[in-house]
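Copied from Swiss-Prot, the annotated features are:
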type: MOD_RES; residues: SER2; note: N-acetylserine
type: MOD_RES; residues: LYS4; note: N6-acetyllysine
type: CROSSLNK; residues: LYS86; note: SUMO2 cross-link
type: DOMAIN; residues: 101-153; note: domain 'LIM zinc-binding 2'
type: DOMAIN; residues: 162-212; note: domain 'LIM zinc-binding 3'
type: DOMAIN; residues: 221-276; note: domain 'LIM zinc-binding 4'
Amino acid sequence: MSEKFDCHYCRDPLQGKKYVQKDGRHCCLKCFDKFCANTCVECRKPISADAKEVHYKNRYWHDTCFRCAKCLHPLASETFVSKDGKILCNKCATREDSPRCKGCFKAIVAGDQNVEYKGTIWHKDCFTCSNCKQVIGTGSFFPKGEDFYCVTCHETKFAKHCVKCNKAITSGGITYQDQPWHAECFVCVTCSKKLAGQRFTAVEDQYYCVDCYKNFVAKKCAGCKNPITGFGKGSSVVAYEGQSWHDYCFHCKKCSVNLANKRFVFHNEQVYCPDCAKKL
């Protein structure tokens, strides 16, 4: 008499039927799905005996459920990467390890044009001016805190403007009486000589180099007839009755004693000491 060939679970005869042998036991397909089948970690349904199964590190999937966690590309017949419990295709795994753009927060992968500044990175087209929103890319820019400005917007928003030409001072420049100038704009009003770092004289908001001030502006000493410049020797001036003298030229017409800061007598457009004036 032949041995019974029945399902281990439901005892239905298996003769002439499809069955599965598991752990030395025979079972019909229905009981296999109910009692023996692995559960797909993706869809949570049993992986039936006639379905294709993918197995990786004690986890099981239907072959159609085994996809990249990012792009959902099927991976049953392709290489893949396991990262932090997620199954990824090679392309998405590379992106996961790539730095993120500060602008769009997307991955910057090999071959992407990018801009890096102080450890932060952007796609080239994501690196834009905080004011006009135009792409700065690899062009010149000015950082201000967390913001970045193109040259034009920085000049408009932050740069000092020259009091003469009213254009932005982007580098260098000088300050005189709390007013900013381009070095090339701060010049002698007569000869256009640059005055930065040079001696000059201001007269009614006009600026003169030493030579032009001497020749065209300075008063002439009533004694020596030379210009009174205020530079070097003779910087002290004596003024009286609309006339001016170098302090060293202000002396008695007769005895030549210097009268700067002393009593004197002015007679017939001439200067005398008191003693000589008595003898006139």
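Every residue gets a Cβ built from N, Cα and C, even glycine.
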C-beta crowding around LYS86 (SUMO2 cross-link), within 10 angstroms: 13
Predicted model, mean pLDDT over the domain 'LIM zinc-binding 4' (221-276): 86
Residue pair the residue listed as 'SUMO2 cross-link', LYS4 (N6-acetyllysine) - Cα distance, angstrom, rounded: 46
Same chain, 6+ residues apart, C-beta under 8 Å of the C-beta of LYS4 (N6-acetyllysine), given in sequence order: PRO13
